[in-house]
């Protein structure tokens, strides 16, 4: 065989190997491309399914497009609180109620006690002997007869403690995240131009969705521009007059809050044992929470705030003072008088909280009828000068915070109280949505509500959550439990269950490290002092970083304005337009000036 033949054969072999290799590579590339495309499609389908299954997504878009972000923030807040209560119900039901029902499926109901129907309003009677309240749970270690043991005392304590810790962590995280997005990273200079030029979603093709998006964009622009309006300086006499009005309204509102708290305290002289009489106190408290905030809303007729948000914040602070003063009086009475009077006082407090939640829900429905429906009828049929009412975001949000505060206080006294809250919030969402669309109009004075959500979460954390946590902690660490009912009967305090558990672990060599951590870390004041010091140091560091970034943003924006203004003459300004996109309204002004220079 000649050399050329060998070369020809070798070339054919190499060509065949190259063809097989390229075919394998193409198959691998095709397979990887197919797999990647399948994963992308799966991710897109999961995202679409998540958006489809998201609770009240379409309703939220409709409300935001018609009434603006201020009203929408109320419904977002309600949905957020609903998730809190669903989580609370799952935790309590899974770790406290289910074990109790497994080992004691039938409640110990005395003879002659039956369900009459009035318990739905009062929470007493038949309900007082069930797992609805603290007294319906056993203090024994379940499953000692050959089955796995389940310590109800530890389960009750750690479930309540873990839920409160997780709620506090979620509130702090949400508050910090919202503050970072709405305050730290919010660019006030971008607002109008950025929304006008760069925020349209071109994937929206549905005509109804396009109209909703246009309405939402229009209202957002009104909200952004309304806060940029500068009010002219008033004469000294006018300013003194305004300060006098502000001082008078604040003194009047604070005096009314203190007077309402005192009236609630003196009302406690009535009997708490008669089932029908127990509705008097929650009725009066709910009536105060309905009427007094409506009276507070009349102050805006004489107060003239230049910023719409300041008016909302003033109403919120007044309502917070009112509601927290009433709750403070109630907690003081429960801890001082009820705890020393009744044999199973935890269930009595749980029943009182149940009645407050139910009565608050009934009065919220009455408030929607009298405050919105009748106002709409009077403003459109009788006194047309009043006009169609607006949705009071501040008052309605404070109602939600008050209801959630009751649920947090009742987590120890009534583990299944979140069930009532879930039903209440579901009905309330649709009730408020119908009342909003049928009886209210979009706000006449639009105020940017992007930062209102942060304020709502901050108020929910303090004083709402902190106050509820303080009461539960005082109950656990200080007050003696009932001797005849509940999982902690016979103990000096609720926290004594942890000490007994540690004494049991101290006898086991494998758990000595747990006992050491409990004695030298958890019970050490130095540990909490160091933790507090570290938290303060981190807060200071992040505050300095935030201030540095804000200062850098201001300097960069000023530099962009200086550079762009120096190149503002002649057609060459078009070259520098790309530098001006980040400067918001400055970009729009420069574009108009450049056009005028070009056409001149």
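Using N, Cα and C of the backbone, Cβ positions are placed for all residues, glycine too.
The transmembrane segment feature in TrEMBL is assigned to 80-102 (among others). Below 8 angstroms of C-beta separation, residues 55, 131, 136-138, 142, 150, 152, 155-156, 159, 162-163, 166-167, 170, 174, 400, 403-404, 407, 411, 415-416, 418-419, 421-422, 425-426, 429 of the same chain, each at least six residues beyond the ends of the transmembrane segment (80-102), sit close to that stretch.
Residues 84, 87-88, 91-92, 95-96, 99, 137, 408, 411-412, 415, 457, 460-461, 465, 469, 472, 476, 487-488, 494-495, 497-498, 501 of the same chain lie 6 or more positions beyond the ends of the transmembrane segment (154-173) yet place their CB under 8 Å from a CB of it. What TrEMBL lists as transmembrane segment is 154-173 (among others).
For 243-268 (among others), the entry in TrEMBL reads transmembrane segment.
Taken from TrEMBL, the feature transmembrane segment covers 280-299 (among others). Within the chain carrying the transmembrane segment (280-299), a Cβ under 8 angstroms from the stretch's Cβ atoms is held by residues 249, 253, 256-257, 260, 263-264, 267-268, 270, 314-315, 318-319, 322-323, 326, 330, 352, 355-356, 358-360, 362-363, 366-367, 371, 392, 395, 398-399, 402, all 6 or more beyond its ends.
Annotated transmembrane segment per TrEMBL: 311-335 (among others), in sequence order.
As a summary of secondary structure, the domain 'TMC' (344-450) carries 82 helix, 2 strand, 23 coil according to DSSP. Per TrEMBL, domain 'TMC' is recorded for 344-450.
According to TrEMBL, the transmembrane segment annotation covers 406-431 (among others).
Residues or ranges marked as transmembrane segment in TrEMBL: 452-477 (among others). Listed by sequence, the residues of this chain that lie at least six past the ends of the transmembrane segment (452-477) yet keep a Cβ under 8 A from its Cβ atoms are 70, 73, 76-77, 157, 160, 164, 167-168, 171-172, 174-175, 178-179, 182-183, 309, 312-313, 316, 320, 324, 327-328, 331, 335, 393, 397-398, 401, 404-405, 408-409, 411-412, 493-495.
The transmembrane segment annotation in TrEMBL covers 526-542 (among others).
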Give the one range among 243-268, 406-431, 526-542 whose Cβ atoms make the most pairs under 8 Å with those of the transmembrane segment (311-335).
243-268
Under an 8 Å Cβ to Cβ limit, what residues of the same chain, 6 or more beyond the ends of the transmembrane segment (243-268), are close to it?
280-281, 284-285, 288, 292, 295-296, 299, 302-303, 318, 321-322, 325-326, 328-330, 332-333, 337
